[in-house]
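Here is what TrEMBL says about this protein:
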type	residues	note
TRANSMEM	35-60	transmembrane segment
TRANSMEM	66-91	transmembrane segment
TRANSMEM	117-141	transmembrane segment
TRANSMEM	161-180	transmembrane segment
TRANSMEM	200-220	transmembrane segment
TRANSMEM	226-252	transmembrane segment
């Protein structure tokens with residue numbers, strides 16, 4: 001007897017032709033390795049385009065970093081727009097559709113009301129987190145606290161880190177789900193969170209692979225920087241940033257769409 005497939009979600013005005021599952025797949029622990037390797041295949045399949053994506057994101061980040069507050073707001077919007085746009089580029093590349101670096105901003109051209117609400121939510125969270133970080137810093141330095149205490153470090157930074165991880169889980173796949181399937185922000189956030197909970201082990205493996213990759217490349221970068229300076233670090237970011245974006249797209253395909 002064939003097992004029943006998870007129920008499908010009917011999405012309004014979908015950007016892609018994938019059938020979206022209502023519940024996430026639970027994948028094996030080593031799927032994290034497959035996500036990385038498949039992302040690498042996509043990256044090397046059009047390496048010039050992807051390096052361009054990474055450099056563009058880095059330039060945005062560096063330029064906006066010099067503008068207090070407003071720069072952070074604009075950077076938050078562009079981060080999620082580029083994140084979703086990179087997934088669309090990966091979709092076009094893997095389905096043999098024409099694409100270009102301008103598709104990085106497809107959310108500005110295609111997205112409807114739901115993606116705009118999502119971006120507004122991102123800005124609100126950025127402002128709240130910035131305010132909390134500011135006041136927490138003031139409280140810590142205004143208090144006569146021993147900063148060398150491990151207990152203090154755990155109490156002060158443990159809860160914020162936990163909250164950050166939970167928020168990151170909710171936002172991981174949400175931009176892709178909203179752009180591709182025009183889901184409302186709240187259902188998309190819930191689906192992203194459920195995907196993370198169902199696939200904690202593959203995500204952990206993926207994180208370890210990225211950590212090891214960064215560690216190895218950091219050693220190479222340290223050696224090479226003596227000859228080429230900061231350009232090596234810049235080039236490293238141009239590789240890692242699109243790789244992380246592509247990994248999210250590959251994971252979305254495995255977890256929430258029919259193969």
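Positions of Cβ are set from backbone N, Cα and C atoms, glycine also.
Between the transmembrane segment (200-220) and the transmembrane segment (35-60) there are at least 3 Cβ pairs closer than 8 Å, counting only pairs 6 or more residues apart in sequence, which means the two stretches are in contact. Only residues 6 or more beyond the boundaries of the transmembrane segment (35-60), in the same chain, are considered here, and those with a CB under 8 A from a CB of the stretch are 75, 78-79, 82, 86, 89-90, 93-94, 99-101, 104, 202, 206, 209-210, 234, 237-243, 245-247, 249-251, 254. Proximity of distant same-chain residues to the transmembrane segment (161-180), defined by a Cβ-Cβ separation under 8 Å and at least 6 residues beyond the stretch ends, is recorded for 11, 14-16, 18, 20, 80, 83-85, 87-88, 91, 106-107, 110-111, 114-115, 118, 122, 125, 188-193, 195-197, 248-249, 251-252, 255-256.
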